[in-house]
Amino acid sequence: MALHDTPSARKVTTTPDGPARLYVCGITPYDATHLGHASTYVAFDLLNRAWRNAGHDVTYVQNVTDVDDPLLERAAKVHVDWVELAERETELFRQDMAALRVIPPDHYVGAVESIPLVIELIGRLETAGAIYRVEDDLYFSVTADPAFGAESGWDRERMLEIYPERGGDPDRPGKKDPLDCVVWRGRREGEPSWESPWGPGRPGWHVECTAIAQRHLGGAFDVQGGGSDLVFPHHEMCAGHAQVAVPGTPFAQVYSHGGMVGYDGEKMSKSRGNLVFVSALRNSDVDPMAIRLALLRHHFRSDWEWTDDQLWVAVDDIARWRKALSLGAGAPAAPVIDEVLAALADDLDAPRATAAIDRWVAATLGTAGLADTTDPDAAARLLAALDAALGLALWLS
């Protein structure tokens, strides 16, 4: 399995030693799952499946940021309890992922339940001299990590430009370095808080993922995944925390990042409101397999724009594939399956994999000539391969 590694900017081969270990950053559950989310989780589901199909056991961990500023702000705005909102949207997310046939993580871990882990990690960082206080908040000093910047490959100027757009506070008085990040936010009026050795408060965003990953996966796990908007500051900060807490051990071996999905000319995001929700499509009786196929038509690392036409093309494609699969016999399946597996092993190239299926369907239906039905078991073999490798369940009732 070769994946493009963000820090090295090249494809590297993942070589799991024992169970493959995967961490993908999860949602902040204050709204429904949109197609940008779905694209990321479908992509890393391909990795999970590829490892499993290659015979590896897989330990897959995903967090849910079930306490954070956006969640608290949304709960206040719509006049619901923040816990109720988080639980409702988390359950909807799980339903959406199940409909898209994303294999659930082995450990799906909330920030709130992980607060003891976060406190323990902050204590280790404090012992290492990497923590300081600004009023009631605790900050991580990025200079404590000699390798800071290696994960993103960004220079300081670019970091400072982007940091305030992604939750950072570079201009706060009292900070030692503008890029330092909060690891413990002291109690604010009207906000939930938990006791700690440094006073009541709640975790910072980055440190929760570090604590969860270290507890459930250990150090130097195989792949850290997420969207490209997490390269900096999130994954850079997570790596910094981990590498100061456990010197000499990298946080992850490979960092793999998916592209951004746009809609109406801009990145799909909750703040802009230009969202297409998986649940809304499902409630409109759209076949979830068509949604998944529409996502798979794009390479996961590419930025791309969603259009409704793509969905309807996928609906038609699924119908055409099912028609070919209903025949039983078809064009030889073995070379098609080999091509699908080879494509996915090459940086999760789902467009190449689905194109191989298109060619088999065309040959089987005789779209461009005589129908090829020389393989009597083609449909059964391809149905199983589509399910196992691409997560497309096209079994005929």
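Along the chain as shown, residues are numbered 1 onward.
Any Cβ shown, glycine's included, is placed from N, Cα and C.
Taken from Swiss-Prot, the feature L-cysteinyl-5'-AMP binding site covers C25, G26, I27, T28, T40, N63, V64, T65, W205, G227, S228, D229, V261, and the record attributes it to sequence analysis. Feature annotation from Swiss-Prot assigns Zn(2+) binding site to C25, C209, H234; the stated evidence is sequence analysis. If you look up Swiss-Prot, you'll see 27-37 marked as motif ''HIGH' region', on the strength of sequence analysis. The motif ''ERGGDP' region' annotation in Swiss-Prot covers 165-170. The motif ''KMSKS' region' annotation in Swiss-Prot covers 267-271.
Projection of Swiss-Prot feature records onto the structure.
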residue	record	DSSP class
C25	L-cysteinyl-5'-AMP binding site	coil
T40	L-cysteinyl-5'-AMP binding site	helix
V64	L-cysteinyl-5'-AMP binding site	strand
W205	L-cysteinyl-5'-AMP binding site	helix
S228	L-cysteinyl-5'-AMP binding site	helix
H234	Zn(2+) binding site	helix
V261	L-cysteinyl-5'-AMP binding site	strand
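Contacts of H234 (Zn(2+) binding site) defined by a Cβ separation under 8 A and a same-chain sequence distance of 6+ are given as C25, R166, W205, H206, C209, G226, in order along the sequence. Same-chain residues at least 6 positions away in sequence with a Cβ under 8 Å from that of T40 (L-cysteinyl-5'-AMP binding site) are, in sequence order, V24, G225, G226, G227, G258, F300. Apart from C25, C209, H234, the residues listed for Zn(2+), the same chain places the Cβ atoms of N63, W205, H206, G226, L230, H235, C238 within 8 Å of the centroid of those Cβ atoms. Every protein chain shown contributes to the tally, and the Cβ of W205 (L-cysteinyl-5'-AMP binding site) ends up with 24 other Cβ atoms within 10 Å.
For V261 (L-cysteinyl-5'-AMP binding site), other Cβ atoms within 10 Å of its Cβ number 24. Residues belonging to the motif ''ERGGDP' region' (165-170) score a mean pLDDT of 95 in the model. Long-range neighbours of I27 (L-cysteinyl-5'-AMP binding site) (same chain, six or more residues apart, CB within less than 8 Å of its CB): T33, H37, V64, T65, E89, T90, F93.
Set side by side, the binding-site residues C25, C209 differ in how many other CB atoms lie within 10 angstroms of their CB, and the most is found at C209.
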